[in-house]
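Here's the structure we're looking at; comments come further down.
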Amino acid sequence: MPIGKYRPFLDVNGIDLPDRQWPSRRMTHAPRWLSTDLRDGNQALIEPMDPARKHQMFELLVRMGYTEIEIGFPAASQTDFDFVRSLITSDAIPEHVTVSVLTQARTDLIDRTVSSLVGAHRATVHMYNATAPVFRDVVFRTDKNGTKRLATEGTRDVMDYADKYLDSDVIFGYEYSPEIFIDTELDYVLEVCEGVMDVWEPGDGREIVLNLPATVERATPNVYADQIEWMSRHLSRREHVSLSVHPHNDRGTAVAAAELAVLAGADRIEGCLFGQGERTGNVDLVTLGMNLYSQGIDPGIDFSDIDGIRRTVEHCTQMDVHPRHPYGGDLVYTAFSGSHQDAIKKGFDKRTADVEAAGGDEEAVAWAVPYLPVDPHDVGRSYEAVIRVNSQSGKGGVAYLMSTERHLDLPRRLQIEFSRIVQRYTDADGGEITADRLWEIFTDEYLPASDESGLEHWGRFELRSTQVSSSAGDEPDALVVALLDDGTEHELRASGNGPVDAFTAVLAQRGVEVAVIDYTEHALSEGGDAIAAAYVEADVDGQVLWGVGLDASITTASFKAIVSAVNRAVR
Ligand SMILES: CC(=O)SCCNC(=O)CCNC(=O)[C@H](O)C(C)(C)COP(=O)(O)OP(=O)(O)OC[C@H]1O[C@@H](n2cnc3c(N)ncnc32)[C@H](O)[C@@H]1OP(=O)(O)O
Ligand SMILES: CC(C)C(=O)C(=O)O
């Protein structure tokens, strides 16, 4: 690879800012957002959006709460022009929303662009021209003065055509972008911006948006932050300037660049949902907004239905959102690996207890579930997909699914035993074990199968009926059991220190020595008709293993758990 033809960015565009302030600042509030999905996003699509898709995208952006929306490049084509007109004439733009339209600094294009805005309530014209040396030399074939004149004369044209076409009650704004800002000499780009401001004359009630794009991202985010801080410090009339950034993602660091730029003084960010846009895309507005949300800073945008947002974006752009895309991808709230699952399960258990202790007040308890930067519920995801089981999974994940899907809270050592059984299946099959498959494996291993008439069949022993007479005081409980042993029914009687003890005595009569090591039970937390679950860890003829019983009667559930352990031991 011919690496010699590349130069370090800072050798060419070095910036000296030893007293930079941005590294010690913090974000405390959301910047202003501009969505350019319908312009930069649209111009980069294989198939630009048709009018129906454009309308859907516009409605989505409004619903989410964006109040500055770049709706196109009306001079580009009749379709673009007509879309702007259709939004305006159909009254589809809410009063609080400012629409903006992009144009080159060419008189004929500016004329057409401004004329598209007739009848709008709030509208901004966004004009750009490239200012970087290569563009001056190669594209415009002019010098610094000529490039600056393009900007100032274009700004004058915008104002003249606004006077010509627009009523005085239109809230009319202006945005100027020195395209390829990051490759332009800072003192020169400042001079161009000052020249543009001299024409526009920002002041009270007359803002100017100066947008400084990383048109092609070519340096680390700290370099962009330095450039933005330098501009923010040197611009005159700063209080009337909305300093805007427009990062692209060529190096994959657009989000970081935008965030550092805000620390450096930027007031506004332009980007697209899920990072659509030229080449590697514009900065992703979803990630930026959710990054703020995860720090307790209100982004002012509604992400509560992230899948709905994603579906609309995918439909409009005809592009898929990657399953690992921050906050919106299919897999971003899912753990397959055992140690993650274990920590997530413990985190959820603790959170449930803490929220309960706080009287159910979700917001009183800081979010601290391991491996989940935000609560999936907040973006409209269920907890079901949080833990999925495959060969990388451990007991935590298996226990989580058994608890959330089947309301069974398996004791810790049973979790370990069962997850080893599951591991045998994942090793053999390779893929994911769904919650339904997990239940099949659990049932096959621990529970009897019911036949059509409701009779339960499983292994050597089958419990047919039981009758316990609890005695008062120190007298032992008496038990009568009808038990099938290898298909032959026996009526057996025993007494013991409680029903479980009496039941082990019954089994001893059939030649099986059972010692119960551990026993727990609980009512099924939800969904059952007052069903109890009993778990028994037993030493059966020297083998230690678990059994599980489910029954409406807690006593019968415990007998079934013992039968389960014994049958497992002898099969
Ligand atoms: C970084 C960005 O995303 S900027 C936005 C880019 N978006 C688009 O280009 C999408 C819409 N664009 C279009 O449909 C077309 O480019 C149009 C209709 C605007 C113009 O089409 P054309 O008149 O055929 O010109 P073309 O696109 O080839 O542009 C090149 C000419 O414009 C000039 N030019 C390019 N940008 C600008 C600018 N911002 N201001 C003034 N002149 C410009 C070039 O110097 C060149 O002039 P030349 O022919 O004298 O050498
Ligand atoms: C028009 C400008 C803002 C642009 O899209 C860019 O520089 O990327």
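Cβ atoms here come from the backbone N, Cα and C positions, even for glycine.
Automated prediction, rather than curation, is the source of TrEMBL annotations.
As given in TrEMBL:
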- 31-307: domain 'Pyruvate carboxyltransferase' (DOMAIN)
- Asp40, His246, His248, Asn282: Mg(2+) binding site (BINDING)
- 449-571: region 'Regulatory domain' (REGION)
- Message: Neighbour count, 10 Å Cβ-Cβ cut-off, for Asp40 (Mg(2+) binding site): what number do you get?
- Response: 23
- Query: When the region 'Regulatory domain' (449-571) is classified with DSSP, how many of its residues are helical, how many are strand and how many are coil?
  - Reply: 28 helix, 59 strand, 36 coil
- Any same-chain residues 6+ apart from His246 (Mg(2+) binding site) with CB under 8 Å of its CB? Would you list them in sequence order, or say none? Thr36, Ser177, Asn211, Leu212, Pro213, Ala214, Thr215, Ile269, Glu270, Gly271, Asn282, Val283
- Item | Asp40 (Mg(2+) binding site) - helix vs strand vs coil (DSSP) | helix
- Other than Asp40, His246, His248, Asn282, which residues of the chain come within 8 Å of the Mg(2+) site, judged by Cβ distance to the Cβ centroid of those residues? Thr36, Pro213, Thr215, Pro247, Ala254, Glu270, Gly271, Cys272, Gly277, Glu278, Gly281, Val283
- Could you please provide the mean pLDDT value for the region 'Regulatory domain' (449-571)? 89
- DSSP three-state assignment for His248 (Mg(2+) binding site): strand
- Specify the count of other C-beta atoms within 10 Å of the C-beta of Asn282 (Mg(2+) binding site). 31
- Item | For His248 (Mg(2+) binding site), nearby residues of its own chain (Cβ under 8 Å, 6 or more apart in sequence) | Pro213, Ala214, Thr215, Val216, Glu217, Ala254, Gly277, Glu278, Arg279, Thr280, Gly281, Asn282, Val283
